[in-house]
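Here is what TrEMBL records for this protein:
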- 1-75: domain 'BAP29/BAP31 transmembrane' (DOMAIN)
- 122-170: domain 'Bap31/Bap29 cytoplasmic coiled-coil' (DOMAIN)
- 94-123: region 'Disordered' (REGION)
- 43-63: transmembrane segment (TRANSMEM)
C-alpha cells in the first residue's frame, strides 16, 4: 500500500505540473488536486501504519526476549539457592567432622569411639532394614510385571483367535 501510494503521489504530482502549464479548465485542475490530496493522504496513512507495524513487531520481539530472560533468570536463581544450601550443608558437616576429629585427639577418644560405634551400628541396622524393604518391593514389582506380561500375552492370543474367527465369518 505504501509503494502504491508513493507511485500515485508521483503520478499526480507530475500531472499537476503539466496540467498547470497547459492552462486547462478549473474543474480538471480541481479534480487533479483532489486525486493528489487523496494519494498524499494514503501515502501518509500507509507510511504511518507501516511504521507502527514495525514498532509493534519490535516491541513483541523484545517482550518475548524479556520473558525468556526472566524464565532463565528464575531458573538460575533457584540453582544458586540450591548450590548455596548444599554448600552450607557441606560446611556444617565438615565442621562437625572436624570437631569429631579434634575430640578424638583431645583424650575423649574412648568415650567418643563408643558413642560413634553405637551410632554407626544403629545406622547400619537401619540401612539393612531399608535394604530389605527395598529388595522386597523390587521382588514384588518384578512379580507384578511378570503377571502383567502373562496377562497381556493371554489377551494377545485371545485377540488373535477372535480375529481368525472374524475373518472366517467374513469369508463365509
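Yeah, the Cβs are placed from backbone N, Cα and C, and that goes for glycine too.
TrEMBL: automatically predicted annotations, no manual curation.
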From the DSSP assignment alone, can you count helix, strand and coil residues within the domain 'Bap31/Bap29 cytoplasmic coiled-coil' (122-170)?
49 helix, 0 strand, 0 coil
Give the residue counts of the domain 'BAP29/BAP31 transmembrane' (1-75) per reduced DSSP state, in the order helix, strand, coil.
71 helix, 0 strand, 4 coil
PLDDT averaged over every residue in the domain 'Bap31/Bap29 cytoplasmic coiled-coil' (122-170):
90
